[in-house]
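Please read the structure below before turning to the comments.
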Amino acid sequence: MSAVRIGQYTLRNNLILAPMAGVTDQPFRTLCQRLGAGMVVSEMVSSDMSLWNSRKSSLRRIHEGDPEPRSVQIAGGDAQMMAAAAKANVEAGAQIIDINMGCPAKKVCNKAAGSALLRDEALVSEILHAVVSAVDVPVTLKIRTGWDRANKNGLNVAKIAEQAGIQALAVHGRTRADLYTGEAEYDTIGAIKQAVSIPVFANGDITSPEKARAVLETTGVDGLLIGRAAQGRPWIFREIEHYLRTGEHLPAPQLDEVERILLEHLAALHAFYGDVMGVRIARKHVGWYLATRPGGKEFRARFNALEDTQAQCANVRAFFSERRQSLETEDGQGVAA
């Protein structure tokens, strides 16, 4: 894998944790970077700075100790507000500004932001030029292939982005209308890569080392954005990086390591958000970690009723202890047979 540069920053590999609202908070970003991500991107931050005073918004902003280069994603539909938000985030420590024109959520699109912007190429150009002019750090862009299948203008938007001075482009291989259904359009991503000279990253359905290599080979992109596949599996980055580098699979993490990672993640969530909010946010992450494990579904129902940090950690330890005992019993029966 050749090194990928975004402006003055050389990434340690070409695998990026995709920004996901409600998921890629500081604890998760830090964990994914430690487990192999070449770069991580913050949760989406509104360009409406009047909303930044809420506790929720302040937690979404960049923090000391965030992995570098610190990339912050902003969203909005007004060029001057976007420029001001970019400037404020850079003053707060952001080293890269990422512009969201890919989010398909109704509450974002209804405000003429996210992927709704793809319907107005003139506004796209205005926003990109305004943000690039406002800051002296690299500006990147995330898009979809278009608004719907009858209006797939990702190629045009990519060219507009390059002309505006965007330093790298991430493309989710679906239209806004597709949401997350159907197959990702890797052919469209490949065409976009061929049309511009800036680094292009593919996003969508990259769930395994083999899929990662196939997408890189078929599209010719410079790197990959991995989002949903990292939920409950933050070690996917080191698995893909190792496979791309050596052609061999890393062994899956042992039960003890999964337990250590999950407990580390819980402790970070509790410390970052405080006990009440931390307990609440931890529930979905634990659900993702244990979704495919025997007894995970039943455990999640019990775990979601827990109301304090110590009980959460104790119950996770008990779950893994029971799993180890179960595996030892199964191994013993296998030997006896």
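Placed from the backbone N, Cα and C atoms, the Cβ positions cover glycine too.
Counting every protein chain shown, the number of other Cβ atoms lying within 10 Å of the Cβ of Ala21 (FMN binding site) is 18. Residues or ranges marked as FMN binding site in Swiss-Prot: Pro19, Met20, Ala21, Gln73, Lys142, Asn203, Gly204, Asp205, Gly227, Arg228.
According to DSSP, Cys103 (active site, proton donor) is assigned to coil rather than to any helix or strand. Annotated active site, proton donor per Swiss-Prot: Cys103, in sequence order, evidence recorded as sequence analysis.
Each residue contributes its Cα atom, and for Gly227 (FMN binding site) and Cys103 (active site, proton donor) those atoms are 13 Å apart. The two recorded residues, Cys103 (active site, proton donor) and Lys142 (FMN binding site), have Cα atoms 9 Å apart.
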